[in-house]
Amino acid sequence: MSPYILAILLFSLGLGTTITFSSTHWLLAWVGLEINTLAMLPLMAQNHHPRAVEAATKYFLIQASGAAVLLFAGVINAWLTGQWDIHQAAHPLPIAIITLALSLKLGLAPLHSWLPEVFQGLNLTTNLILATWQKLAPLALMLQIQPPHSSLLIFLGLMSTLVGGWGGLNQTQLRKILAYSSTAQLGWMILVVQFSPSLTTLAILVYVITTSATFLTLKLNKATNINMLAISWAKAPALMALTPLVLLSLAGLPPMTGFMPKWLILQELSKQGLPATATITALTALLSLYYYLRLTYAMTLTMFPNNITSTPPWRLPSAQLTLPLAILALAAISLLPLTPAAMALVAL
């Protein structure tokens, strides 16, 4: 792809997200989401592979359906309340429809089935954008409407953490595992969005850091399935020593950074009188922990099956910049002591 076209597409991605961030009108928010979708499609189909084209087509159909339902809910809200302001959406019917439309665009369970298939058809760089940047605009709308105490959000959050953990158990493709991981992580954010928007913002920030570190690590090793992780230690031994810690941070184990939002979310749910929800959510995190430990085991404690006469894999020096990976991996592991500072910063 031409660097000029790539620059235009990346600028359009940033423009669409910025429009959605700054809009107070449902029509402008819809325009921002559509710009985001249209800029993402050429990035998906740039490989000219049937799987990539199939993934781009599925992504377009799902995102167009979600945007159409969102616009429909905005029209209903304007009909019922007489205005298009996002912050004044007080009627429960359009709020419920908007929540379901945004859940479809985010890939929350039970509207998640498109996400693993789309992830599997794309390369890791495009998946990184899809798993991080493309989640920001719908989450910003979810934060702006600030739905009232809703059992719908609790249901979506619990289903996402459960399905995100359960669905990744029998997967061997790393991209599908990371898709289910994304669904599970988003479930934690949706659970607390109605109680503490600042805590949701902190969870989004930690999710972006840990997920970006994981994707960049896999991209550096050119790993797409679990068996390929077994030869990663010979390519970058120091990085492979840190990667299990990044994966355990993604799982939410102390003393890594990923423990911070999960701990605070469970605390907030308990404060809101939802101890059963907090307990179920903590138990579903064990499902996700299993496949993170499975990746860790494959990476550090196994060797790729080979014999003496086999040809070793040809290793060329990678052109990927390693400084962003080093910064993100360090942030994913060591920011837990900054929890009070992070909470104070997010609450501003």
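The backbone N, Cα and C atoms fix where each Cβ goes, and this holds for glycine too.
Model, not experiment: these values are computed from the prediction.
Feature annotation from TrEMBL assigns domain 'NADH:quinone oxidoreductase/Mrp antiporter transmembrane' to 23-287.
Per TrEMBL, the feature domain 'NADH dehydrogenase subunit 2 C-terminal' maps to 289-341.
Look at TrEMBL and you will find 57-80 (among others) tagged as transmembrane segment.
Summarising the annotation, TrEMBL assigns transmembrane segment to 92-115 (among others).
Look at TrEMBL and you will find 151-170 (among others) tagged as transmembrane segment.
Annotation comment: TrEMBL describes 177-196 (among others) as transmembrane segment.
Long-range contacts of the transmembrane segment (202-221) within the same chain: residues 124-125, 127-128, 131-132, 135-136, 139, 174, 178, 181-182, 185-186, 188-189, 192, 228-229, 232, 235-236, 239, 243, 246-247, 249-250, 257-258, 260-261, 264-265, 318, 320, 322, 324-325, 328-329, 331-332, 335, 342-343, 346, each at least 6 residues beyond the stretch ends and with a Cβ under 8 Å from a Cβ of the stretch. Residues or ranges marked as transmembrane segment by TrEMBL: 202-221 (among others).
Residues or ranges marked as transmembrane segment in TrEMBL: 233-253 (among others).
According to TrEMBL, the feature transmembrane segment maps to 273-293 (among others).
Sequence-remote contacts of a segment are chain residues at least 6 beyond its ends whose Cβ falls under 8 Å from one of its Cβ atoms, and for the transmembrane segment (325-347) they are 198-199, 201-202, 205-206, 209-210, 212-213, 216-217, 220, 239, 242-243, 245-246, 249-250, 254-260, 264. Among the features that TrEMBL reports, transmembrane segment is placed at 325-347 (among others).
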Along the domain 'NADH dehydrogenase subunit 2 C-terminal' (289-341), what average pLDDT does this model show?
78
Determine whether the transmembrane segment (151-170) and the transmembrane segment (233-253) share at least three Cβ pairs under 8 Å, counting only pairs 6 or more apart in sequence.
no
Beyond the flanks of the transmembrane segment (92-115) by 6 or more, those residues with Cβ under 8 Å of it:
33, 58-59, 62-63, 65-67, 69-70, 72-74, 76-77, 80, 135, 138-139, 141-142, 145, 147-148, 150, 152-153, 156-157, 159-160, 162-164, 179, 182-183, 186-187, 190
